[in-house]
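To start, the structure itself, in structure tokens.
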Amino acid sequence: MEQQQPQQQNDGQQQQQQQQQHQQQQQQQQQQQQQQQQSEQERIYNKKQEHLPLLQTVEELVEELRRSLIVVEEFQTPSQQLLFDKLNKIINLYEKIESNRHIVNDVEIPLEIFRVIDQSKNPDLYVKETLQNCLSANEKTKGKIESIKNFKKELESHISESFASEYAEYKLLTQKKETQEQQNDDQIKVDDSNNNNNNNNNNNYNNNNNNNNNNINNN
């Protein structure tokens, strides 16, 4: 009986240490997730800034097409020069868009968007419906995950009470495995970050070269 009490105390201390280590790991994971989210937000912002000039050109082209359509529908002989000017401007805008097409080479557009546009519907509604469907699916998945987590906690609680020493040994082995996996994941993230930085540097270099070539051609 006296031997069992120290053994139970040791098991209790091990469980406390494991819980503390688990909490520390969770905090580290949360910090890493926050850093990843911040990096992703910065990447998206930089990408939007990169696409902004092209987007403005497209908007300008759409507006010129609209105005040209009005001129054509109400065409009169004195407005011929105005129509020529607008056509020349439209051509220049198309050329400008074509010269910057490399900026959006990595942009993927779902084909369903074009079907929506062909039906004279607002593509923003398609985006809204898609996001709503994703949110609904995520909520269902989240509910399933929470149920599994609660079941796991309840099961571990009963096992730790019934098989204290075996459970402590199991947690120790699991802790070692999680630590090794975390180290491997961290190394992979570092490698991916280095590769992304190299790719961004190469893209910036190519963009600068293209801009220089465009400036030379314009001159």
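Here the Cβ of each residue, glycine as well, is placed from N, Cα and C on the backbone.
Bear in mind that the values here come from a model prediction, so they are computed numbers and not experimental data.
Quick look at what Swiss-Prot lists:
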- 13-74: coiled coil (COILED)
- 166-219: coiled coil (COILED)
- 1-39: compositional bias 'Low complexity' (COMPBIAS)
- 177-192: compositional bias 'Basic and acidic residues' (COMPBIAS)
- 194-219: compositional bias 'Low complexity' (COMPBIAS)
- 1-42: region 'Disordered' (REGION)
- 177-219: region 'Disordered' (REGION)
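Tertiary neighbourhood of the compositional bias 'Basic and acidic residues' (177-192): same-chain residues 25, 28, 32, selected by CB-CB distance under 8 Å and a gap of 6+ residues from either end. Summarised as a single figure, the pLDDT of the coiled coil (13-74) averages 79.
Within the compositional bias 'Basic and acidic residues' (177-192), the DSSP-based counts of helix, strand and coil residues read 16 helix, 0 strand, 0 coil.
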